[in-house]
Amino acid sequence: MVFLANAINFITYFNKSMHYPHATSANMVTNFMGTSFLLSILGGFIGDSIFTRFTTFIVFCTIELLGLILLTIQAQNPQFRPELNEKPSQSEATILYTGLYSMAAGVGGINASLSAHGADQLDHGNQRLISAFFNWFFFSLCLGGLISCTVMVWVEQNKGWNWSFTITAIVLSLALSIFISGSPFYRYKLPGGSALTRIIKVLASAARNCKASPEERVENQYAASAINPNRVDGKSHNKFKFLDKALIDNTISEAQIEETRTFLGLLPIFASTIMMNCCLAQLQTYSVVQGVLMNRKLHNFEIPTQSLSVLPLSIMLASIPLYEKFRRILSSKKSEKIHIFQPLWRIGLGLALASGSMAVAALVEAKRREAALDNATLSVFWLAWQFLLLGVSDTLTLGGMLEFFYSEAPDCMRSMCTALSWCSTSMGYFLSSVLLSIVNSASGRFGREWLGGNDIIHSRLDLFYTLLSILNTLNFLNYMYWAKQY
């Protein structure tokens, strides 16, 4: 709730309070979101290698809290913000970016450590229990999102950002206290050393011995089997066979090779989900800008654009208990392996919906633009379709990814592999910024930039959404290939 309460409306804060242009504000939001999720890899590495996941959460939650306090001080003191119609000074921008990216670092560590710490409390032999945990974990995220786009958006627009930052700082302090209070009851997973170091060592050894003779490799594989007689044959042994050459190095164990093989096997699935998160970035940026220019009246009440997320969030909150109930019924009838419940199938369905959502968004924007040029105003509820489709897409994709990466990860890499789910979101937000710059550069050479300046009425956001739909369709086909290979 703390993260989303600020992130979903930051574009307004950057534009109205800090006086950055729309395009700059949009890139600032996507860069902030991208950094938040990218740093989850760092948090995962620390939680697996250095601290326990419990300690990792406390450290990064404290960092986020300090960043939030700095943003609160800036919002409450006009001398730390630019004058009307003036850009921020260097010192004002420094305060903003320091608070912003302290918050991003904290969010990254929390994302990596919290879900993995929660799943560590469960019996790993019961996959059904692990799956249920991640579904209810996602339910809690949606509940926080619902509070963000209703109560907190109202606070930001009616009471000001100083109130919003203050409330979220208090709530985060309370959350940290609640988490610490459970310390006597937790099961702690001790750090197992640097998995990344072991993976790099295996890859370097395999590269160094790439020209080794087959006889030498076989001899060392027999030796490795003698050392590790409990080897369990499985699908992973048919992948990345070049890694077996690392066995020639006597300092490399077969367990380390299997750890590397498993991690590398997850990367194509991870990469195939990035494009979907590029679409998700639009909900925090241009969808908000669109909504500001549309008719948001419902009788005598004006609906904040960000509150359109209530529709998909409400559907997600209702669907998760129904999903769990439906799955329990089927499980009791020994239908445990029905395909639609498997993480890879859920991810694939989410990616397909993302492509459809961008096609719908392009049609809606074309209609909104046409109405605006005729001096008419379209109802903001036309945006509900893209919010709904992308919201359901995010539920299926992120929920499936959290379960898939945690369940498939080597035991000593669960935090970092779970962090791949959030890192995919990060890459999507950064890709959105890169695509935006490329599109503006390319379209500017042929006349007018599609998304340049503050004039959203004459921009070509519809063409940008069309491009995203096409790219997502190609990405979905790419995902289908890798999922089938896995």
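Indices start at 1 and increase along the chain as displayed.
Any Cβ shown, glycine's included, is placed from N, Cα and C.
The shown structure was predicted, so the numbers you read here are calculated from the model rather than taken from an experiment.
Per TrEMBL, the features are:
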- 28-47: transmembrane segment (TRANSMEM)
- 54-75: transmembrane segment (TRANSMEM)
- 95-114: transmembrane segment (TRANSMEM)
- 134-155: transmembrane segment (TRANSMEM)
- 161-180: transmembrane segment (TRANSMEM)
- 263-283: transmembrane segment (TRANSMEM)
- 303-323: transmembrane segment (TRANSMEM)
- 344-364: transmembrane segment (TRANSMEM)
- 384-407: transmembrane segment (TRANSMEM)
- 419-443: transmembrane segment (TRANSMEM)
- 463-482: transmembrane segment (TRANSMEM)
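Residues 115-116, 119, 127, 130-131, 134-135, 137-138, 142, 266, 269-270, 273, 276, 279-280, 282-283, 287, 308-309, 311-313, 315-316, 319-320, 343-347, 349-351, 353-354, 356-358, 360-361, 364, 414, 417-418, 420-421, 424-425 of the same chain lie 6+ residues outside the transmembrane segment (384-407) yet bring a C-beta within less than 8 angstroms of a C-beta in it. Of the Cβ pairs linking the transmembrane segment (161-180) with the transmembrane segment (303-323) and spaced 6 or more residues apart, fewer than 3 are under 8 Å, so the two regions do not touch. For the transmembrane segment (303-323), the residues of the chain that approach it from at least six positions outside its boundaries are 8-9, 135-136, 138-139, 142-143, 145-146, 149-150, 153-154, 157, 283, 287-288, 290-292, 294, 296-297, 380-381, 383-384, 387-392, 394-395, judged by C-beta separation under 8 angstroms. Same-chain residues lying 6+ beyond the ends of the transmembrane segment (463-482) with a Cβ under 8 Å from its Cβ atoms: 268-269, 272-276, 278-279, 282, 286, 347-348, 351-352, 354-356, 358-359, 361-362, 365, 435-436, 439, 450-451. When each of 54-75, 263-283, 344-364, 419-443 is checked for Cβ pairs under 8 Å to the transmembrane segment (95-114), 54-75 comes out on top. Using a cut-off of 8 Å between Cβ atoms, the transmembrane segment (263-283) and the transmembrane segment (344-364) share at least three residue pairs, counting only pairs 6 or more apart in sequence.
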